[in-house]
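Q: This structure is in C-alpha cells; I'll ask about it shortly.
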Amino acid sequence: MQTGFLSQQFNAVFLAENFTACPANATICDGTSCVLPEDTFNQTLSVVLSTVLTIMLALVMFSMGCNVELKNFLGHLKRPWGIFVGFLCQFGIMPLTAFLLSLAFNVLPIQAVVVMIMGCCPGGTASNVIAYWVDGDMDLSISMTTCSTVFAMGMMPLCLFIYTKMWTDSNAIVLPYDSIGISLVSLIVPVSFGIFVNYRWPTKAKIILKVGSIVGAVLIVLIAVVGGILYKGSWVITPKLWIIGTIFPAAGYTLGFFLARVAGLSWQRCRTVSLETGFQNTQLCSTIVQLSFTPEQLELMFTFPLIYSIFQLLFALILLGGYRLYKRHCMKTNTDVEKTNTDVEKTNKDIEKTPEKEDSKSSAKVNGGFVSDTMK
C-alpha cells in the first residue's frame, strides 16, 4: 500500500511539473510563457516565404512604378515641399508620438526602446499600394518612401540618441545599415524599371499597374499571415504594448493628414502623406530588435513590431473602405448635380435662342423682308 501511494504521488508531481514546465527546447521560459526557437519546418518555411515575398514585392514595386510620371517625380525632387512635410511627419511626429506614448503608459525601459525604434523607422512599401487604392499622389508616395529610407541612415541614430537616453545607452542599439541598404535597392531598382516602362509603353504600363495593385493587396495580407505563423510562440506580452500598438498607427495617420493639410497640400497629397506617416517598415524594426537584445529581453517586447504591423494594416483598410464609400456615393452625387446643372443651362440657352429665331422669321414675313437660310 505504501509503495502504491508513493508511486501515485510521484506520478502526480511528474504530471504537474510537465504541465507547467516549458518544453525542453525553449529558449525563454517564464512559467507557462515560452518563446520557442524556430524548428526545421519554420526555418524552411521562413526561407521559402521570404524568397516568394521578396519576388512579389519587387513585382509590386515595379507595377507601382508604372504609375509614376518621370516629369512629376523629378518635379517633387526639384520642389520638395511635399517631401519636406513628409520628412517632418516621419522623423518628427512619429518619434515624438512614440516617446509620449511610452511615458503615458509607463512601460518598462526595454519596452519603451522598442516603441521608439518603431517610431524612428522609415516608411514601409505597403503604403505605396494603399496610396494607389485611395487615389493618392503616387509620384509623391514613392518619392517619400525612397527619401525616408535614405534619410533613415542618419535620422534613426539621431532620433534614438535624443529620445532613448533616459532608458538605455543608444550605442547598445544595433542599426542594420545593410538591411536599410537592401530595402533601398529593392525599392529603387523595380520602381525605376516601372517608370521606364511607363515612359516608353504607357498603354502596357496601365495593364501592369492593375495586375500589380491586386498582387500588392494580396501581398499585404500574406505578410501579416506569415508573421503570425512564424512567431506563433511569442504572443504573450503586456497589454500595454497591445494598446500602444493600436493607438500608435492611428495617431500617425491622423497627425500626418492634419500636418499636411495645415501645410496647404491638396486633399490627394494629404491622403498620401497620412499613409506614408502611419505605415512603418516593421521588418526593419524586427531586425534591429533581434540584433540588439538578449533572448531574456526579447520576451518582453519581441512581438510589438508584428502587433503594430497588424493594426497599421487594419486602420489602412478602414480608411480605404471609407474613402471608397465616399467616392461611390458623395462624389457620384456631386458629379450628377454638376451634370444636371449643365443640362439645365444648355436647355435654357436653347429656349432663349428659339424665340429669337421665330421672331426674326415672323418679322421678315410681315415686313416683306428677306429670310436667310439660317433663319429657315
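From the backbone N, Cα and C atoms, a Cβ is placed for every residue, glycine too.
Sequence annotations record features per position, and here TrEMBL assigns compositional bias 'Basic and acidic residues' to 341-362. Under the heading region 'Disordered', TrEMBL lists 341-376. Residues annotated as transmembrane segment in TrEMBL: 45-63, 83-105, 112-134, 140-163, 175-201, 207-229, 241-260, 300-323.
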Q: With CB pairs under 8 Å as the measure, which of the listed stretches 83-105, 112-134, 175-201 comes out on top against the transmembrane segment (300-323)?
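A: The stretch I would name here is 112-134.
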Q: Residues of the same chain, at least six outside the transmembrane segment (112-134), with any C-beta under 8 angstroms of its C-beta?
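A: Distant Cβ neighbours of the transmembrane segment (112-134) are 57, 60-61, 64, 67, 86, 90-91, 94-99, 101-103, 141-142, 144-145, 148-149, 151-152, 155-156, 159-160, 163-164, 167-168, 173, 180, 183, 187, 209, 213, 216-217, 219-220, 223, 241, 244, 248, 271-272, 275-285, 288-289, 301, 304-305, 308, 313, 316, 319-320, 323-324.
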